[in-house]
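Student: Below, the features straight out of Swiss-Prot:
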MOD_RES   SER2  N-acetylserine
ACT_SITE  CYS91  active site, acyl-thioester intermediate
BINDING   TYR186, ALA248, ALA249, ALA251, VAL350  K(+) binding site
BINDING   TYR186, LYS231, SER252  CoA binding site
ACT_SITE  HIS354  active site, proton acceptor
ACT_SITE  CYS384  active site, proton acceptor
Amino acid sequence: MSQNVYIVSTARTPIGSFQGSLSSKTAVELGAAALKGALAKVPELDASKDFDEIIFGNVLSANLGQAPARQVALTAGLGNHIVATTVNKVCASAMKAIILGAQSIKCGNADVVVAGGCESMTNAPYYMPAARGGAKFGQTVLIDGVERDGLNDAYDGLAMGVHAEKCARDWDITRDQQDSFAIESYQKSQQSQKEGKFDNEIVPVTIKGFRGKPDTQVTNDEEPARLHVEKLKSARTVFQRENGTVTAANASPINDGAAAIILVSERVLKEKNLKPLAIVKGWGEAAHLPADFTWAPSLAVPKALKHAGIEDINSVDYFEFNEAFSVVGLVNTKILKLDPSKVNVYGGAVALGHPLGCSGARVVVTLLSILQQEGGKIGVAAICNGGGGASSVVIEKL
């Protein structure tokens, strides 16, 4: 039983900087905030009974408690009957959640699905492996959970940035090109904030005041304001000291945030008289050598277009690539021979931030905002993930 899959609501939290404005919130709390924001936009759906499933990405799950997706659902007010699945496909987790949700509806297993993701990189713990068996004698080691499970290649133990350097060498992408890309990403995101382009997608997060201080609301992405052009250009390379090109400034930062998307079947769309925002036209995934994860999106995008029945990539109005590093945006634009003016027009993860388990949904939320506000119809989102993979989704604005 194949049927169309519609997006009827999207929402995301602002993206907080590492140990920044959202540091007091767990990933589950951020996920629930995003989901509540999405639910508020579709009052026709009864949160307690109309939802069949939630599929939510989360990468750094240590110390969150069992089944983060289930926690998000119940915290946001969904019924106890809801089936919940947490996805860990590293950076592509939330996009995989969207794909799985669409497949569930297409197969007739569900009619209303929440897809998205959440991450608090700030609150990811350190690990002490020796504590389980007893450290016995002398010093022991603390392992950074963010680095171990989020930012290091599991196969060679190298930082993902080392492979970003490999990509720059392999594809002849210079430090100047990466710095220019990063500056442009910041400038586009700053301009988009100024013009209110993100207002419809962001749901404010309330931060409880302490010691008699009033509660505050976080309403904007925190990172874009941190641009200092001269500091960015003079930043030292991190992963390759001599003749390196990748810096902390032209890579995405470490962040906190969440995003949620509500998917429905055509039957529920008509039955509940819902207004469709977009249709999920297709998706595609690919993988190759783990060290080449940076350009895996260029393999996933053609698969997604084929699945969506789109033969000419030039007919796509806008693209959203997750900017894990500036080189990721540059290399995939280069390989696919895209018009750069169609790519990440509101800025990307270098400037907005990259909360790992959230980003795959965040790029789709922002892509839909772009299509709605810039007059486009067809959009493609893609995101690479550790291990050499990538996921891509094609949407059509309605």
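Cβ coordinates are placed from backbone N, Cα and C, and glycine is handled just like the others.
Computed from a predicted structure; not experimentally measured.
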Student: How long is the line from the C-alpha of LYS231 (CoA binding site) to the C-alpha of ALA248 (K(+) binding site), rounded to the nearest angstrom?
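Tutor: Between the Cα atoms of LYS231 (CoA binding site) and ALA248 (K(+) binding site), the distance comes to 11 Å.
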Student: Given the recorded positions CYS91, ALA248, ALA251, SER252, VAL350, which lie within 10 A of CYS384 (active site, proton acceptor) by CA-CA distance?
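Tutor: Checking Cα-Cα distances against CYS384 (active site, proton acceptor), the recorded positions within 10 Å turn out to be CYS91.
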Student: If you run the three-state DSSP split on HIS354 (active site, proton acceptor), which class comes out?
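Tutor: Coil, per DSSP.
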Student: Just to verify a number: CA distance, VAL350 (K(+) binding site) to the residue listed as 'active site, acyl-thioester intermediate', in angstrom, no decimals.
Tutor: 14
Student: Please work out the number of neighbouring Cβ atoms within 10 Å of the Cβ of VAL350 (K(+) binding site), leaving out its own Cβ.
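Tutor: By my count, 30.
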Student: Relative to the Cβ of ALA249 (K(+) binding site), which residues of the same chain, six or more apart in sequence, are found under 8 Å away?
Tutor: ASP179, ALA182, LYS231, LEU232, ALA235
Student: To the nearest whole angstrom, state the Cα distance for the pair ALA248 (K(+) binding site) and HIS354 (active site, proton acceptor).
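Tutor: ALA248 (K(+) binding site) to HIS354 (active site, proton acceptor), Cα-Cα distance: 13 Å.
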Student: Where the record says TYR186, LYS231, SER252 bind CoA, what is the longest distance in Å from one Cα to another among those residues?
Tutor: 16
Student: Is it possible to get the count of other C-beta atoms within 10 angstroms of the C-beta of HIS354 (active site, proton acceptor)?
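Tutor: Result for HIS354 (active site, proton acceptor): 28 other Cβ atoms within 10 Å.
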Student: Across all chains shown, how many C-beta atoms besides its own are within 10 angstroms of the C-beta of the residue listed as 'active site, acyl-thioester intermediate'?
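Tutor: Here the count is 33.
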Student: Tell me which residues of the chain lie with their Cβ under 8 angstroms from that of SER252 (CoA binding site), as long as they are six or more apart in sequence?
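Tutor: Listed in sequence order: ASN322, GLU323, ALA324, PHE325, ALA349, VAL350, GLY353, HIS354.
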